[in-house]
C-alpha cells in the first residue's frame, strides 16, 4: 500500500501561499486544486482541456487521461492505496488524502486581506473573498439564480431536478444535502418531538 507523507502536501501549501503573496495564483480555476509550482499547475490544466477518450466500463463515465480513469476505477473496486501519515486512514485518491491531512496539521496559510480570516485551502479563500466583493459567478440554468460557491449551485439544482440524494434510515425522508439530513436525524434522537414520515404527510394532504 502506498504511503503518502504529509510533508509534501505541507510544502505545497507554503509554496502556494508564498506564490500568491508574489502575485502568482497556483490554483486551478476549474476544479480548485492547488499546486506548488507553475509547471505542475500547467500539467494539471491539460487534464481539463483534453478530450475524454478513456471510458469507465463500470459506470460509463469518461476521462481525459488513463491515469485519471485509473483513479476513478479504484473508487468502484474499493482500492485505497493512499495512506495518511498521521492516523493511517486510507483513501482511493491522493487529492482526498491531501484534504484529509489538513485536519491533522490544522494549517491555515491563506489569509483574507479584507477581514484577516485564514483558510487551509486557497480555493476556500477564493470562495470567501466573493462574500466581500459580491461576485456570484455560478448561475442556475433553470431559474437564473446565482451563487458565489459552486457547491451551493449543485445543491440548489437538485431542487429543480428533484434529486434528493440523502435518505433517512428511520423514516425514509429524502434530503437534498447531507447537513439537512443530519439536522433531520437529530429530530429522531429527541423523544419529545413527533416526526412525520413521507407517508404520513401524503395521508394528511389527501
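Every residue, even glycine, has its Cβ placed from backbone N, Cα and C.
Quantities reported herein were computed from a predicted structural model and do not represent experimental measurements.
Record features (TrEMBL):
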DOMAIN    26-53  domain 'C2H2-type'
DOMAIN    54-81  domain 'C2H2-type'
DOMAIN    82-109  domain 'C2H2-type'
DOMAIN    110-137  domain 'C2H2-type'
DOMAIN    138-165  domain 'C2H2-type'
DOMAIN    166-193  domain 'C2H2-type'
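At the 8 Å Cβ threshold, with sequence separation of at least 6, the domain 'C2H2-type' (26-53) lacks contact with the domain 'C2H2-type' (138-165), having fewer than 3 such pairs. Per DSSP, the secondary structure of the domain 'C2H2-type' (82-109) breaks down as 12 helix, 5 strand, 11 coil. Taken together, the residues of the domain 'C2H2-type' (26-53) have an average pLDDT of 73. Here the domain 'C2H2-type' (166-193) has long-range neighbours at 155, 158-159, meaning same-chain residues at least 6 beyond its ends whose C-beta is under 8 angstroms from one of its own. In terms of DSSP secondary structure, the domain 'C2H2-type' (26-53) contains 12 helix, 2 strand, 14 coil. According to DSSP, the domain 'C2H2-type' (110-137) comprises 12 helix, 4 strand, 12 coil.
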